[in-house]
Each structure stands twice: as C-alpha cells, then as structure tokens.
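Peer 1: Below is one structure. I have some questions about it.
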C-alpha cells in the first residue's frame, strides 16, 4: 500500500471518521464499518484532507479548470482541495450549489465561479448517486463539461442491481477516482494484523460487493 493511502486511513481513524463495528446503513444493510467525512472538522484535518484530494486529482492527470462541491459535504471538501491545489501552484476556481434556489440578492442556485469549462466533482462518497445526478445536471445546464469525480472512499458495493452506482457512472464515460477503496482498508487491516476485522469486511463484500 502506498504512503498516501495508509496516511489517509490513519487520519480517518484518528478523527473517528472511519469506525469498525456494526452499523445499519440507509439501505438496511448491516455494515462492519462506517465512514463519515463530516467528522473531519478540525482545521488541521481539513487541511490534510484537501491535500489528499489534491494529490489524488493530480495523479489522474485530468484536464480541468473548476471544482464543484455538491451541498452540503462537498462544499468544504472542494474548498479545501482548491486551497491545497493553490499551494501546489494550481489556481483552480470553486463552485457549489444551494439546496434551495435563492430568489433575492444575487439569486440562483450556484455560488462561486461560473460553470463554463471543464469541471471535476469533489464529494465524500457516492451511494445511490442522487447528489451526483443533480450535480451532473447543474454542470451541464450551466455550460460546464464534467471531466471526472473524486471521492474519499469507494465502498466497492453494488446498489439495488448487480452493478455499483460508480459502475453506472463510468458507463457514461465519466471516470470516478477515490483516495481509498474497500480493498485498501482490507490491506491496511492485514498489515496491522487485524484479521478478525479483515474477515468481517471480506464477508460483507461477498454479500454486497461490486466487482
């Protein structure tokens, strides 16, 4: 496992963003682990999180001008990523959306840079894909071109069909990248000799995994 992935997992554990146990998901599935990026709320952890997103994004060599952060969790994620990119010499603009359209003042649903060029969505996870579809529509309606999606964790899990939501997105020609995925977690736990947790994650993937 590379240093970036292991460092990200350690940070997620330290901030209790990543927990192991028994967690009931919205789908009703009982998951042996849970990831909540909303618990990255200290300044230093947010700074590091932005750096992880920026590094993952630059490694993919995607051509882009804008970052889009879907409300609500995507807003600080995209902002932190833009700051990290600026520190690396890439001055990128940021846009995010409101949940409700504002009818007074500047009005509209978007805040930040106009979405008129190549755009990358920054989010924590993609489960059912609802937020992604809303973001995709907003980007298209405002003249943007969606070039890719960066998320923190790919659960490698299928939805209601045999395919994962990420697979369905990729079938549209849109690539989805993640800082880590389920198999990175399994490798990390193996290296830490946590074989009981490894077995639980592997058993869960046998039931609900997408390949």
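Just so you know, glycine gets a Cβ as well, placed from its N, Cα and C.
Heads up, here are the entries from Swiss-Prot:
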type    : residues                            : note
BINDING : 26, 72-73, 98-99, 102, 104, 123-131 : 5-phospho-alpha-D-ribose 1-diphosphate binding site
BINDING : 34, 35, 127, 155                    : orotate binding site
Peer 1: So, three-state DSSP: helix, strand or coil for residue 35 (orotate binding site)?
Peer 2: strand
Peer 1: Distance between residue 73 (5-phospho-alpha-D-ribose 1-diphosphate binding site) and residue 127 (orotate binding site) at the Cα atoms, whole Å?
Peer 2: 14
Peer 1: Grab the orotate binding residues from the record (34, 35, 127, 155) and give me their largest CA-CA distance in Å.
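Peer 2: Value for the max Cα separation, rounded to a whole number: 13 Å.
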Peer 1: Identify which of the binding-site residues 34, 35 has its Cβ surrounded by the largest number of other Cβ atoms within 10 Å, counting every protein chain shown.
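Peer 2: Sorting the candidates by Cβ neighbours within 10 Å, the top entry is 35.
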Peer 1: Quick check on the binding-site residues 126, 128: which one has the highest count of other Cβ atoms within 10 Å of its Cβ?
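Peer 2: It comes out as 126.
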Peer 1: Determine, to the nearest whole angstrom, how far the Cα atom of residue 130 (5-phospho-alpha-D-ribose 1-diphosphate binding site) is from the Cα atom of residue 155 (orotate binding site).
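Peer 2: Cα to Cα, residue 130 (5-phospho-alpha-D-ribose 1-diphosphate binding site) and residue 155 (orotate binding site) are separated by 16 Å.
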Peer 1: Residue 130 (5-phospho-alpha-D-ribose 1-diphosphate binding site) has how many other Cβ neighbours within 10 Å of its own Cβ?
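Peer 2: There are 11 of them.
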Peer 1: Checking your reading of the structure: which of the binding-site residues 34, 35, 155 lie inside a 10 Å Cα sphere centred on residue 124 (5-phospho-alpha-D-ribose 1-diphosphate binding site)?
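Peer 2: Within 10 Å Cα-Cα: 35.
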Peer 1: In the structure shown, which of the binding-site residues 99, 124 has the fewest Cβ neighbours within 10 Å?
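Peer 2: Sparsest of the binding-site residues 99, 124 by Cβ contacts within 10 Å: 99.
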Peer 1: What is the separation, in Å, between the Cα atoms of residue 128 (5-phospho-alpha-D-ribose 1-diphosphate binding site) and residue 155 (orotate binding site)?
Peer 2: 12
Peer 1: Sequence gap of 6 or more, C-beta under 8 Å: which same-chain residues meet both conditions with respect to residue 155 (orotate binding site)?
Peer 2: 35, 125, 127, 181, 182
Peer 1: Roughly how many Å separate the Cα of residue 126 (5-phospho-alpha-D-ribose 1-diphosphate binding site) from that of residue 34 (orotate binding site), to the nearest whole number?
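Peer 2: Residue 126 (5-phospho-alpha-D-ribose 1-diphosphate binding site) to residue 34 (orotate binding site), Cα-Cα distance: 14 Å.
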